[in-house]
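One structure is given here, and the rest of the page talks about it.
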Amino acid sequence: MEPKTKKQRSLYIPYAGPVLLEFPLLNKGSAFSMEERRNFNLLGLLPEVVETIEEQAERAWIQYQGFKTEIDKHIYLRNIQDTNETLFYRLVNNHLDEMMPVIYTPTVGAACERFSEIYRRSRGVFISYQNRHNMDDILQNVPNHNIKVIVVTDGERILGLGDQGIGGMGIPIGKLSLYTACGGISPAYTLPVVLDVGTNNQQLLNDPLYMGWRNPRITDDEYYEFVDEFIQAVKQRWPDVLLQFEDFAQKNAMPLLNRYRNEICSFNDDIQGTAAVTVGTLIAASRAAGGQLSEKKIVFLGAGSAGCGIAEMIIAQTQREGLSEEAARQKVFMVDRFGLLTDKMPNLLPFQTKLVQKRENLSDWDTDSDVLSLLDVVRNVKPDILIGVSGQTGLFTEEIIREMHKHCPRPIVMPLSNPTSRVEATPQDIIAWTEGNALVATGSPFNPVVWKDKIYPIAQCNNAFIFPGIGLGVIASGASRITDEMLMSASETLAQYSPLVLNGEGMVLPELKDIQKVSRAIAFAVGKMAQQQGVAVKTSAEALQQAIDDNFWQAEYRDYRRTSI
């Protein structure tokens, strides 16, 4: 459902002159009217012409096109964001296909690696371990009192790039930009946070420009006590906030999620968001290929927290479709660097133990090896779906893909590792190795593949199809928690917007131009499920839709009226 056009009320603000021009949330630049220029002491501080936001956006687009590298484009857009946020979001929404890969993956990876080098202006909150005793004061320094969404990272596992220290701040900034651009959440309600607990990246420690705490990472009790101090301070300052954990290392991600998901409204996008968008994609792809997800056999390469999170959500979805838990688990095979996870494998992580296959059930497999490789698994399982979350490039070899295609006429192949340099196989190769028969969705953006004069659009299995809608749904409904059922309702809603399912052609996932419409639909489904689950106050469907409309921010200038502080 499209947002209703609503007349914006005037905004009463106390700032004036250069202070107002330096306030990104309020600055209009050349779009200040003559009356506003007189009332806010701006006469002579701006060129004579009063422009519309579209005229400003057109100039910015021309300037943007003058930059030749993606990182330079990223720096330029971040500069606009730190100068005039309304213009930034109008520009991004006008060119979302072009700019989403620049403000987020894959370009944000390079921006994180070079964070201290390209740093220009502070955005968000940096909380170092050295300042742990000032936690409450730090959060009180945030000028926005009505924060509704926080994205926090400790920078230890940034995309597939590893420990980037405070450079990881680029991820919360980029993620929250998508909450606004795709989900309509006002930038005034968002706060990026990095927990600076040191870094084990020697290159950063040796870099004279590095701006973070030059110390090896704290671990164990020190680490968890520090994170807990942060959580308690957030609860004190903004008790109803939605907190998203982002790019925490595998050893910490699941423990933190399990510890806090029932204490504060929170989720981990790497685990739950990735799982939700993947399951939504698989529901749609399964329908397009014929049948339900519960009928498919699935092999994973990568059994970390993200891979296991996806697997558990697939199992939950196939149970919804009628399988018993035992039958659902027998259809999912997890492969990591030591081979297939089985009940005979030592040193399994806690979240892996429920995803093992019984070794005794594999006695008739065609292999002589004790370590069951990905090729062994594909040859014997004959999967319908192959998912890569390994973070290692090239592991979906031609032999493996062709072996899969032997037994599956319409294979679903999803190399999800980020950034592009870490992808398990390129869509071009997968399409060629399957004679054009594979359904492909990737974690990073790829151009359409041309094979034998036919164009194959490649869907990006992008979490941005999920988390902005979840955030909007939580805010609109006032949900106090994010339940598994809320995430699954988001997946099902996403699948309903698949062009391939709706039209029999096109991508598995919607086009980016439709992402706000999809986010609004997901917000409604999530809010409705929150009410059914008892984590939000029950209202009518009309009231929930109205709350979504009321909370959906548009990149438009409002009239200003002056008031005193």
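Any Cβ shown, glycine's included, is placed from N, Cα and C.
Under the heading active site, proton donor, Swiss-Prot lists Tyr104, citing sequence analysis as support. Secondary structure from DSSP puts Tyr104 (active site, proton donor) in coil.
Taken from Swiss-Prot, the feature NAD(+) binding site covers Arg157, Asp270, Asn418, and the record attributes it to sequence analysis. Take the CB of Arg157 (NAD(+) binding site) and look out to 10 A: across all protein chains shown you find 25 other CB atoms.
Long-range neighbours of Lys175 (active site, proton acceptor) (same chain, six or more residues apart, CB within less than 8 Å of its CB): Tyr104, Val151, Pro192, Gln244, Glu246, Asp269, Phe467. Lys175 (active site, proton acceptor) falls within a helix when secondary structure is assigned with DSSP. Marked as active site, proton acceptor by Swiss-Prot on the basis of sequence analysis: Lys175.
Around Asp270 (NAD(+) binding site), the C-beta neighbours below 8 angstroms that are at least 6 residues distant in the chain are Arg157, Phe245, Glu246, Asp247, Phe248, Ala253, Ser305, Ala306, Gly309. DSSP gives Asp270 (NAD(+) binding site) a helix state. Residues or ranges marked as divalent metal cation binding site in Swiss-Prot (evidence: sequence analysis): Glu246, Asp247, Asp270.
Residues or ranges marked as site 'Important for activity' by Swiss-Prot on the basis of sequence analysis: Asp270.
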Next on the checklist: Suppose the NAD(+) site is Arg157, Asp270, Asn418. Which further residues of the same chain have a Cβ inside 8 angstroms of that site's Cβ centroid?
Outcome noted: Ile158, Leu159, Gly160, Asp247, Ala306, Gly391
Checklist entry - Non-local Cβ contacts of Asn418 (NAD(+) binding site) (under 8 Å, 6 or more apart, same chain)? => result Thr105, Pro106, Gly109, Leu159, Gly160, Gly443, Ser444
Checklist entry - What other residues of the same chain, not counting Glu246, Asp247, Asp270, have a CB atom within 8 A of the CB centroid of the divalent metal cation site? => result Thr153, Arg157, Ile158, Ile171, Phe245, Phe248, Ala253, Asn268, Asp269
Item to check | The one of Glu246, Asp247 whose CB sees the fewest other CB atoms within 10 Å, among these binding-site residues | outcome: Asp247
